[in-house]
């Protein structure tokens, strides 16, 4: 804990001495804490009902971290000079979306199988999962390691090193998401082209025809796309925010943060909850066996 935690208060020090140069909005941060609390309960219920265990295990830690991050911002309102409160906000809100991207990555392989598309996908269904979950782990480890270095560093130079490691993790997340979106679009285009061929489409009337033709499934795909794009936008924003340093104008622009961090992640989590894969697939999520080999066309 730094000396400013013991000495500075809003009555004795100017706000510019704080770790954020403003007092975070109480109502806004309480709103997001409550929102993620509701989404956490909803995800637990949906996961248990639909037995989407892997998806639920991926997303729950992220929701908990979001709650803790906004709790840190809530505390910063009364004490923007607290390094501990600042770290709670910084680390939790920085790494939380890595868990949401993990949940998103788990969906692509199942989408391919539901669309009977093993023969038209560039990679095997399970290979997509392995590659992108590994990418997500690398991103998470870099961000967590950077946060750990920042939290224990006593010298400014070492803190800057920690922040740079966090930026590297975020940048890796941006690249991974971009690749994921490109491969997803490629598969979507291939599936669309096949659907325009009546003979090929009729040949693929398989086990999951009723699932993929349902409105719930189509809404789930839209929700997944929106969630992916919003987290991509958010990660891009955080790279530039952290790159500018904690004293930069962008790092101290609460409106920008509420829109490009809070808003984007909230939209993603709402989509992943309201348009939950378990609702779209029922208990087929757990019955789908992810293969590392393609089926014959």
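Just so you know, glycine gets a Cβ as well, placed from its N, Cα and C.
Within the chain, the transmembrane segment (26-46) has long-range Cβ neighbours (under 8 A, six or more residues past its boundaries) at 52, 56, 59-60, 63-64, 66-67, 70-71, 73-74, 77, 258, 262, 266, 269-270, 272-273, 276, 278-279. Among the features that TrEMBL reports, transmembrane segment is placed at 26-46 (among others).
Here TrEMBL flags 53-75 (among others) as transmembrane segment.
The transmembrane segment annotation in TrEMBL covers 87-108 (among others).
For 128-153 (among others), the entry in TrEMBL reads transmembrane segment.
Nonlocal intrachain contacts for the transmembrane segment (165-189), taken as residues 6+ away from its ends with a CB within less than 8 angstroms of a stretch CB, comprise 94-95, 97-98, 101, 104-105, 108, 111-112, 117, 120-123, 128, 132, 135-136, 138-147, 149-150, 225, 228-229, 231-232, 235-236, 238-239, 242-243. According to TrEMBL, the feature transmembrane segment maps to 165-189 (among others).
With a threshold of 8 Å between CB atoms, the same-chain residues lying at least 6 positions outside the transmembrane segment (219-237) that come near it are 97, 100-101, 104, 107, 111, 170, 173-174, 177-178, 180-181, 184, 256, 260-261, 264-265, 267-269, 271-272, 274-277, 279-281. Summarising the annotation, TrEMBL assigns transmembrane segment to 219-237 (among others).
What TrEMBL lists as transmembrane segment is 257-279 (among others). Tertiary neighbourhood of the transmembrane segment (257-279): same-chain residues 25, 28, 32, 35-36, 39, 42-43, 46-47, 49-52, 55, 59, 62-63, 66, 93, 96-97, 100, 103-104, 107, 110, 216, 219-220, 222-224, 226-228, 230-231, 233-234, 237-238, 241, 285, selected by CB-CB distance under 8 Å and a gap of 6+ residues from either end.
Tertiary neighbourhood of the transmembrane segment (87-108): same-chain residues 54-55, 58-63, 65-66, 68-73, 75-76, 125, 128-129, 132-133, 136, 139-140, 143-144, 147, 150-151, 166, 169-170, 173, 176-177, 180, 183-184, 187, 224, 227-228, 231, 234-235, 238, 242, 261, 265, 268-269, 272, 277, selected by CB-CB distance under 8 Å and a gap of 6+ residues from either end.
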